[in-house]
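Novice: Sharing a structure below in structure tokens format, with a few things to ask.
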Amino acid sequence: MALLEIRNLTVSFETSTGLFHAVKGIDLSVQEREVLAVVGESGSGKSVAMLASMGLLPKTAKITADVMTFNGRDLLTMPDTERRKIIGRDISMIFQEPIASLNPCFTVGYQIEEVLRSHLGLNRADCRKRAVELFGAVGIPDPEKRLDSYPHQMSGGQCQRVMIAIAIACKPKLLIADEPTTALDVTIQKQILDLLMSLQEETGMGMIMITHDMGVVAETADRVAVMYKGRKMEEADVVTLFDNPSHSYTKALLSALPELATGDRLPTVSDFVDTASLQTEGAR
Amino acid sequence: MIRFLLGRFAYLVPTFIGITIVAFGFVRLLPGDPVLLMAGERGISPERHAQLTEQLGYDRPIWVQYFEFVGNLFQGDFGNSLSTKKPVLDEFLTLFPATIELGLIAILIATLVGIPLGVFAAIKRGSVFDQVSMGAALVGYSMPIFWWGLLLIIFFSGILGWTPVSGRIDLLYFFPNGTGFMLWDSLASGQSGAFTSAVRHLILPSIVLATIPMAVIARQSRSAMLEVLSEDYVRTARAKGMSPFRVVGIHALRNALIPVITTIGLQIGVLMAGAILTETIFSWPGIGKWMIDSISRRDYPSVQGGLLLMAGVVMIVNLIVDLLYGVINPRIRHK
Ligand SMILES: Nc1ncnc2c1ncn2[C@@H]1O[C@H](COP(=O)(O)OP(=O)(O)O)[C@@H](O)[C@H]1O
Ligand SMILES: [Mg+2]
């Protein structure tokens, strides 16, 4: 049984100019121990699809799906109180902007201990002890002292490590990483990716790696789903996709890899395909 | 934090100098002669007038008077009232508790009602509750205090007879002036009904005084909350599976309070101005009423001393608010 199973998910937003369809009927599934990469350029609906399954979209979002289950439990009909027991514990999520994702008014220690207390019911001393262990596990130096820091006293990379520590605090079955390295310096990007992959290997959790960077995909994923304008264009295991992309949009994404750059300018998707034709190609 | 505080103190010096000039100049710019007003209806002979003016030192050049005023200030001497002959500082300290009591209750009402109102309006954005409460806040904000006070008196005291019209307590009760805080003194006196009477006298004036700050605080809380609710860390709190109470009441509120605290601090000055009107409407024997009376008597020492002391209080309160701001906002504290 798949860990997360999504079939025909659509998400649309009520806007002042009418309904805006951000996700137009996608299927996704992740198994235990599997890393699924979801790629696609900015605005293609990657974040919205994941936030929808976590139940984190605002009320203006209309969500429909034929199936949306986590570990066999129906996420669509689940009451909010039940959902809150699962998210943050069995499914957790980290985001693109690590500093902004942490609350500036509380110490990072408070923000991780809060999760341990509410999901695992640990007492004060055990929370502290576990928080120190977790900070150590994600490679934060001097964890005991760092727990009393505020986010603004830490770098972006350190904050992302804190976010990862919070995300793995309750040993989740699934970790959704929404462009976890996009906002970081290149050298730090590599460290964070390595950390995520080693944690994934150690714990055997499933992982969804959202990115628009094919380099990240190559380094992390078992399987890849390619999204464009709210639709899934194709899905394949990572070797097949890189060797033999079936879809022109995927080919375009691959050629946008910096290693393939010619001249002084990176190629972009529109250099390779007529974007208008993709709309019809992607329709099911 | 230390640097932040030193900066604040450095800022106080020019402010203080400015206030002495304004306090000194203001009452002298008003037409009217304190000596004539002291004499009253009977009038006064020109010789006596000149003699008194000289005695009070008002015949000397204005800048000599100003430097004498400031020089005395440094010795803690605020001068003596022309009408009661008592030291201005003593008069101020006797009346000040009445104003603090009124102001404190008013700001408490404004905060305790204003913040939840704004927060709920933000959560239920666009709802009937949001529209009604923010409409009410707009009305409250533009309410002329004098008119509003009289309206409440007519309704609650006149028609319903629920609350007294003026003063701090029924004349029935008498006890020696203790702390000057009527709520406390009436409780401490042990006389039955005294406390209730003090509360009943306090209700209308404090509501009147609280109205404008409450409206401002409610609107500010709403907009601060709306802004904070769309922040990434609020999404993180929800992604952690925290209850709506924790997400809104702890993660969002703590951040939304930062601008609200500043607003509350700024309202203290507004409150002082409001107290002058409110105390006059309700014959509340505090600083505000004393100021109005002193101005109409052209009691130069009382007005200039009183204004200076009031400004000093506002400055100290703002300093405390700044400190509080540092406590609640870690980004300031660590600078
Ligand atoms: N709360 C919202 N209201 C309206 N439109 C939204 C909202 N959130 C996202 N969108 C829109 O949905 C589309 C997909 O966004 P997103 O999933 O964030 O893209 P990405 O693939 O870059 O993560 C974008 O066009 C975005 O503007
Ligand atoms: Mg995104």
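Just so it is clear, glycine is given a Cβ too, placed from its N, Cα and C backbone atoms.
Pasting the relevant annotations from TrEMBL:
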DOMAIN    B:96-325  domain 'ABC transmembrane type-1'
TRANSMEM  B:9-30  transmembrane segment
TRANSMEM  B:102-123  transmembrane segment
TRANSMEM  B:135-162  transmembrane segment
TRANSMEM  B:198-218  transmembrane segment
TRANSMEM  B:256-287  transmembrane segment
TRANSMEM  B:307-328  transmembrane segment
Novice: For the transmembrane segment (B:198-218) and the transmembrane segment (B:307-328), check the count of CB pairs under 8 Å (sequence separation 6 or more) and say whether it reaches 3 or more.
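Specialist: Counting Cβ pairs under 8 Å (6 or more apart in sequence), the transmembrane segment (B:198-218) does not reach the transmembrane segment (B:307-328), since there are fewer than 3.
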Novice: With an 8 Å cut-off on Cβ pairs and a sequence gap of 6 or more, do the transmembrane segment (B:9-30) and the transmembrane segment (B:307-328) reach 3 or more such pairs?
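Specialist: Stretch pair touches.
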Novice: Hey, which bits of the same chain come close to the transmembrane segment (B:102-123), Cβ under 8 Å, at least six residues off its ends?
Specialist: 129-130, 133-134, 137, 202, 205-207, 209-210, 213-226, 229, 248, 253, 256-257, 260, 264, 267-268, 271-272, 274-275, 278-279, 284, 286
